[in-house]
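K.L.:
Before we start, here is the structure in question, set down as structure tokens.
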Amino acid sequence: MSQGTLYDKVWDRHKVTTLPNGQDQLFVGLHLIHEVTSPQAFGMLRERDIEVARPDLTLATVDHIVPTADQSRPYGDDAAENMMSELEENVRDAGIDFLDPTSGEQGIVHVVGPEQGLTQPGKTIVCGDSHTSTHGAFGALAFGIGTSQIRDVLATQTIAMEKQKVRKIQVDGELGEGVEAKDIILEIIRRLGTEGGVGYVYEYAGEAIEDLDMEGRMSICNMSIEGGARAGYVNPDETTFEWLEETDYFQENPEKFDELKPYWESISSDDDAEYDDVVRIDASELDPVVTWGTTPGQGIGIHDPIPAPEDLADDKVDTARRAQDHMRVEPGETMDGYDIDVAFLGSCTNARLPDLRRAARIVEGREVDDDVRAFVVPGSQRVQRQAEEEGLKDVFEAAGFDWRNAGCSMCLGMNEDQLEGDEACASSSNRNFVGRQGSKDGRTVLMNPRMVAAAAITGEVSDVRDLEEVAVQ
Ligand SMILES: CC(C)[C@H](C(=O)O)[C@@H](O)C(=O)O
Ligand code: SF4
């Protein structure tokens, strides 16, 4: 086994050859596909009469277009129905497993991969979706890819890639009460910028990262891409192994667990590994972070003043001005007290069971503000089922939240869940771009799921630490 970072080791382990153009050809251990980015790639294969090389290493789900209310077929929206039927046909023809809504296992691609036990340390994982970086939480090398690369992977189960630099982001110290993984990553992107990671993969390390559960690590790795990094990962540890051992896959195949564990242990970065850059952050200094603008890098501690554009770096001045116009915020104000119309608890960043549990503890015994429409969209049917069994659905519904079926939903508004007009939304998702939630004038404020719960209750962006926690039975 080679020495160095996890990135080096997993790369070397999967390298087939160096191509004439200087790129490396890597073997792909898991190819995840969804309805939005795969149809064209399947079309390209069909045109050339090529079969899918490794359907056994490919897994499909439907997430972006799936309606979260009425899921009866045909879907009310023709475009959604067409994408769904096309995916059904493609996976049937190729013999690819499909977690469709009738399977009870459907969900957002970055939620279901880990749930199925298929996201594993030391694997190369790709998907035609930028947030594939999520899977790095398990110590996998996971990349979002484009259409021509999806084609290549379908046809050959390999991919041509250039090696990146590795930046270690060392997050020391302990998080304070009410502050969580989402705040760490929003802070990282605030400091390093949305382009700061270009040319890098991020290795997240340090006490605060080690203390996180797998879901927290997934929230962080998920947003690596928002910081410009090609991928993000956490070295696997006992937390990782324990989580994996509980999955159905390893429960049914315990011998596989024993067989793979030594490999998983061997691929962690060595203590003396060299990094191209190291950045340190002290987690104990963080407050909950919320965004004031229209990029995930325009974040701020809940009680900190919104910056004046002219105080920012030259290349950030114009975007900050435009963002402040769009969001209707003024420099010097804080985001605390910013009126919201919608609260969205969902997305592949923050709609896993522990996210919903924490948010439910804030919501229990309280009521959603009269002027707010609030809804919970679980990340997968499995999360939904478990949350229902635990009584979380009842807690949310009693407070006035709408409880929906699993999917991407209002994270990007590719289904009927969209902002209207200039509505402002407290969102647990990862992107606050203009128009992201379906309305060009819509305003998105990113925050952690407990903060979304607090905003739903108070009708404004609020410090969740001011709301007393109530224990869910
Ligand atoms: C639709 C898909 C290509 C897109 C992505 O790649 O990230 C989506 O998931 C998103 O979050 O914007
Ligand atoms: S939940 Fe949002 S970020 Fe995640 S895959 Fe779906 S649209 Fe993309």
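Cβ from N, Cα, C; glycine included.
Found this in TrEMBL, in case it helps:
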BINDING   CYS348, CYS408, CYS411  [4Fe-4S] cluster binding site
K.L.:
Quick one: what's DSSP say for CYS408 ([4Fe-4S] cluster binding site), helix, strand or coil?
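P.N.:
In the DSSP reduction, CYS408 ([4Fe-4S] cluster binding site) maps to coil.
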K.L.:
With every protein chain in view, how many other Cβ atoms are within 10 Å of the Cβ of CYS408 ([4Fe-4S] cluster binding site)?
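P.N.:
Total other Cβ atoms inside 10 Å, all chains included: 31.
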K.L.:
Which secondary structure state does DSSP assign to CYS348 ([4Fe-4S] cluster binding site), in the simple three-class scheme?
P.N.:
helix
K.L.:
Starting from the Cβ centroid of CYS348, CYS408, CYS411, which together make up the recorded [4Fe-4S] cluster site, report each further residue of the same chain whose Cβ lies within 8 Å of that point, ordered by sequence.
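P.N.:
Surrounding the site, in chain order, are ASP63, HIS64, ILE108, HIS131, GLY346, SER347, THR349, ALA351, GLY379, GLY407, SER409, LEU412, SER429, ASN430.
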K.L.:
When a 10 Å sphere is centred on the Cβ of CYS411 ([4Fe-4S] cluster binding site), how many other Cβ atoms does it contain?
P.N.:
28
